[in-house]
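Here is what TrEMBL records for this protein:
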- K93: active site, proton donor (ACT_SITE)
- 17-258: domain 'Orotidine 5'-phosphate decarboxylase' (DOMAIN)
Amino acid sequence: MSFFETLADRIETADSVVSVGLDPDPSRLPEFVADADLPRWAFNRRIIDATHEHAACYKPNAAFYEDADGWRALRETIAYAHGKGVPVLLDAKRADIGNTTRRYAEALDEADAITVNPYMGRDSLQPFLDRADKGVFVLCRTSNPGGSDLQDLELASGEPLYERVAALADVWNGNANVGLVVGATAPEELAQIREIVPRIPFLVPGVGAQGGDAEAAVEHGLAEHPDAAVDVGLVNSSRGIIFAGEESSRPAEEATYFGAAGDSAKRLKKRLNQYR
Ligand SMILES: O=C(O)c1cc(=O)[nH]c(=O)n1[C@@H]1O[C@H](COP(=O)(O)O)[C@@H](O)[C@H]1O
């Protein structure tokens with residue numbers, strides 16, 4: 001089964017396009033998990049219990065796992081998400097020269113999809129693209145303030161670099177497994193990129209903590225896809241969901257703390273579904 005087929009099934013089952021970002025910043029973990037063997041895994045398990053009904057996908061960002069205990073926490077997290085029937089998109093933003101990138105692509109043995117960086121060109125992505133059953137989300141127009149520094153630069157042809165990346169993604173999509181990452185903080189670019197690639201699903205981060213445009217994220221982020229029975233795409237929120245308990249009225253109670261994450265995921269699902 002291809003990634004986008006799996007994702008379409010999950011979107012239908014959960015009636016949701018929400019990607020829940022699992023970015024368990026150790027400095028923000030609540031006291032309930034402090035004494036656990038692997039606090040990040042203990043935290044993620046409770047977050048998954050609270051949010052899985054509303055999750056089309058989980059997106060752990062590798063930055064929060066790149067140490068010995070972190071890799072163990074990540075492995076447990078991926079297996080647990082799969083046990084709940086939710087696919088996992090590993091946000092690793094990888095790519096490198098041949099032998100190195102082949103090794104990076106092995107990260108896909110456990111996850112269902114990955115984010116990659118197109119800066120080094122096609123050969124740096126090939127081992128990911130070759131995995132026809134896995135999703136490969138190529139950074140196109142990112143959500144951060146500096147996203148415009150390079151990505152908006154005009155090429156000699158007059159098109160901005162991010163448009164060229166979108167057009168190349170179409171060329172790289174021989175296995176129908178490519179998606180694009182386009183931030184919700186760039187709604188005009190979202191619309192432009194959608195015109196270039198009508199059938200490539202987007203991962204749209206930047207709603208929630210970064211204040212991006214949820215309506216534009218759904219309107220332009222979802223696409224018809226040959227493998228999918230419903231329009232597919234993902235709108236991600238990380239801190240806005242997993243740390244919602246910090247804002248709750250009784251954050252010192254574990255059930256209230258994690259319940260707030262579930263409520264936040266549910267609210268985002270409902271909000272996004274208004275525009276589907
Ligand atoms: O590839 C990504 O997921 C990504 C691309 C981008 O342009 N902007 C962006 O915020 N992200 C990731 O999406 C998540 C956003 O987190 P929140 O701002 O807490 O919702 C982080 O893991 C970011 O690394």
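Placed from the backbone N, Cα and C atoms, the Cβ positions cover glycine too.
TrEMBL does not curate its annotations; it predicts them automatically.
Across the domain 'Orotidine 5'-phosphate decarboxylase' (17-258), the model assigns an average pLDDT of 97.
Secondary structure at K93 (active site, proton donor), as computed by DSSP, is strand.
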